[in-house]
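Enquirer: Would you mind keeping the following structure in view while I ask a few things?
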Amino acid sequence: MGTARFLRAVLLLSVLLMVTFPALLSAEHHDGRVGICRLPSDSGDCLRFFEMWYFDGTTCTKFVYGGYGGNNNRFPTEKACMKRCAKA
């Protein structure tokens, strides 16, 4: 019974790794920038007004975020955006 439980745990871990490993690989691109930095600006679905920053491929640019939805290429400051997305 201990062997069956061990094999089940190994199988579960293997499936978990097969699902998460490709996502981890695709998160970083060849130049070292994180994948979210390549997403377009997305103001989201709500109508609130927050000045945020997104990386446009070369620099960080200000945009208006509605407060809900959107994507993760959204930073509260230009400094945070540059730290995460700019080439070293």
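Count begins at 1; order follows the chain as displayed.
Note: Cβ is positioned from N, Cα and C throughout, glycine not excepted.
Annotations per Swiss-Prot:
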- 1-27: signal peptide (SIGNAL)
- 37-85: domain 'BPTI/Kunitz inhibitor' (DOMAIN)
- CYS37-CYS85: disulfide bond (DISULFID)
- LEU39: site 'May bind Kv1' (SITE)
- CYS60-CYS81: disulfide bond (DISULFID)
Enquirer: Please list, for the domain 'BPTI/Kunitz inhibitor' (37-85), how many residues fall into helix, strand and coil according to DSSP.
Expert: 10 helix, 13 strand, 26 coil
Enquirer: Take the Cβ of CYS60 (disulfide bond) and count every other Cβ within 10 Å, whichever protein chain it belongs to.
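Expert: Total other Cβ atoms inside 10 Å, all chains included: 23.
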Enquirer: Just to verify a number: CA distance, LEU39 (site 'May bind Kv1') to CYS85 (disulfide bond), in angstrom, no decimals.
Expert: 11
Enquirer: Please report the distance from the Cα of CYS60 (disulfide bond) to the Cα of CYS85 (disulfide bond), rounded to the nearest angstrom.
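Expert: Between the alpha carbons of CYS60 (disulfide bond) and CYS85 (disulfide bond) there are 8 Å.
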Enquirer: What's the most sparsely packed of the recorded positions LEU39, CYS81, CYS85, counting other C-beta atoms within 10 A?
Expert: LEU39
Enquirer: Could you round the CA separation between CYS81 (disulfide bond) and CYS37 (disulfide bond) to a whole angstrom and send it over?
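Expert: Spelling it out, the Cα of CYS81 (disulfide bond) and the Cα of CYS37 (disulfide bond) are 9 Å apart.
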